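Q: Following this message is one structure expressed as structure tokens.
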Amino acid sequence: MPLASLSLDPAPFPLIRPAAGWSGRVLPVPGPAPRLCRPLRAAPVAPATTDEPSAAARGRLESLSQVAGVLGTQWGDEGKGKLVDILAQRFDVVARCQGGANAGHTIYNSEGKKFALHLVPSGILNENTQCVIGNGVVVHLPGFFKEIDGLESNGISCKGRLLVSDRAHLLFDLHQVVDGLREVELGNSLIGTTKRGIGPCYSNKVTRNGLRISDLRHMDTFGAKLNNLLRDAALRFKDFEYNSKILKEEVEKYKRFAERLEPFITDTVHFMNQSILQKKKILVEGGQATMLDIDFGTYPFVTSSSPSAGGICTGLGIAPRSLGDIIGVVKAYTTRVGSGPFPTELLGKTGDLLRASGMEFGTTTGRPRRCGWLDIVALKYCCQINGFSSLNLTKLDVLTGLKEIKLGTSYYTDDGNTVQSFPADLDLLEQIKVKYEALPGWEEDISSIRDYSDLPETARRYVERIEELVGIPVHYIGVGPGRDALIYK
């Protein structure tokens, strides 16, 4: 939905504090739908067709390396799943390498049906694609089976097509309970997690008392290991409920899970390396994004894994020299869910318009996303870390109707000194000022455009200015949520 089709009441949504109360900022929650206003002026283009890819599309798809990756460049929610779904048609294997059910990827099949995936790789909609959940992923089996049931009820078979690493760690309900208790304990300093138990599960992994998928093959010792986790949680949190009955029920539940999961369990490290030797094409689907990386993100307001290029190797067990093209997915503006610094955040009417037009509510949590201008400083930082070969600019259509669009091109301090790089210091990030470059917007509806040359001149100028500033070419441009709403440049 483009911006020009919206007008907002002075206070269209009730306001609430963000989860962490970061700097006293406020966020809107869903309320009455925005009112429609005058229709858009359509750009003169031929109707889009999805029967055969264009020459530009074929060129881009066929030139990708044997092992390629798709990673987020902001704070998640960039639209990675859609690109993976499209690219997967040209790949033999699609793999997840890190994170868990905190990653929410919304994709659409050829009939326009919407699927919200959290653990299962987005390539599952392509019937000839093998999907892999790698050793770096943490797996919540109840959620995993729920996704599979939802897919199979819609005619999408997962049997024989979905492999789960025997080295991946199990995420239990207890991890989700601990996640919530930890957030309550932190009070006003809470991180604003998805409360999916990701952090506590990775914590057990690092302290070497977690359980892995392979432990499901040894139910004689499974109960004792799970008992250690439950007991530790009860000792740490007084409100954590734990007794022998709970342990027995959990063990019985996981006996059933073990039987159902067995056909999926695979030594995926061996599978991935054999696939490389067999010259199969492999696409890696990153969860979250670089600005949430445990090392490179806005720590501590980050995730617990490495959603950067380095996480591909550690999360799948493949060599760095195997990697080829890495595509960075970047929204045409910036969004963030939860707490943490956000230098280019828009707190007024324009931010509300972006949120409403872009339907900016989290796939995993439903929380309203904070919105702001595209942050070039942060984007360049992500490009340096990951070595992107190209970018996928998404949701360009959402900016339609804005008379002026801004790019945050540099940071400076109160005394006027330029900050040369993206800082680790959160206090500095909170106080930092942003220098903006303003570009003219466009009024035309671009959602049906499939040829780059048919975009309004000002839209092309926006894309090309981003390329100039970050030094990375934009090869893919999203102009709508549908699978076909993509321009190959």
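Note that Cβ sites are derived from N, Cα and C of the backbone, with glycine treated the same way.
What Swiss-Prot records for this protein is below:
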TRANSIT   1-54  transit peptide
BINDING   76-82, 104-106, Arg369, 395-397, 478-480  GTP binding site
BINDING   Asp77, Glu78, Gly79, Lys80, Asn102, Ala103, Gly104, His105, Thr194, Arg208, Gln288, Thr303, Arg367  IMP binding site
BINDING   Asp77, Gly104  Mg(2+) binding site
ACT_SITE  Asp77  active site, proton acceptor
ACT_SITE  His105  active site, proton donor
BINDING   Thr363, Thr364, Thr365, Gly366, Arg367, Pro368, Arg369  substrate binding site
Q: Should any of the binding-site residues Thr106, Pro368, Arg369, Leu396, Val479 have a Cα within 10 Å of the Cα of Asp77 (IMP binding site), which are they?
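A: Checking Cα-Cα distances against Asp77 (IMP binding site), the binding-site residues within 10 Å turn out to be Thr106, Arg369.
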Q: Need the DSSP three-state call for Asn102 (IMP binding site) to compare against my parser.
A: coil
Q: Indicate the candidate from His105, Arg367 with the smallest number of other Cβ atoms within 10 Å of its Cβ, considering only these recorded positions.
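A: With the recorded positions His105, Arg367, fewest surrounding Cβ atoms within 10 Å: Arg367.
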Q: Cα-Cα separation of Gln288 (IMP binding site) and Lys82 (GTP binding site), in Å?
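A: Distance between the two Cα atoms comes out at 14 Å.
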Q: Using C-alpha positions only, work out which of the recorded positions Asn102, Gly104, His105, Arg367, Arg369 is nearest to Lys82 (GTP binding site).
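A: Nearest by Cα distance to Lys82 (GTP binding site): His105.
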Q: Near Leu396 (GTP binding site), which residues of its chain come within a Cβ-Cβ distance under 8 Å, counting only those 6 or more away in sequence?
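A: Counting only residues 6 or more apart in sequence, the Cβ neighbours of Leu396 (GTP binding site) under 8 Å are Ala332, Ile446, Ala459, Tyr462, Val463, Ile477, Gly478, Val479.
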Q: Among the binding-site residues listed here, Asn102, Thr106, Gln288, whose Cβ has the fewest other Cβ atoms inside 10 Å?
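A: So among Asn102, Thr106, Gln288, the binding-site residues given, the one with the fewest Cβ atoms within 10 Å is Thr106.
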Q: Quick check: in three-state DSSP terms, what is Leu396 (GTP binding site)?
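A: It is helical.
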Q: How many Å lie between the Cα of Arg367 (IMP binding site) and the Cα of Gly76 (GTP binding site)?
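A: Per the Cα atoms, Arg367 (IMP binding site) and Gly76 (GTP binding site) stand 13 Å apart.
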Q: What subset of the binding-site residues Gly76, Pro368, Arg369 lies within 10 angstroms of Gly104 (IMP binding site) at the C-alpha level?
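A: Matched binding-site residues: Gly76, sequence order.
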Q: Pop the Cα-Cα gap between Gly76 (GTP binding site) and Asn102 (IMP binding site) into the table, whole Å please.
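A: Checking the Cα atoms of Asn102 (IMP binding site) and Gly76 (GTP binding site) gives a distance of 10 Å.
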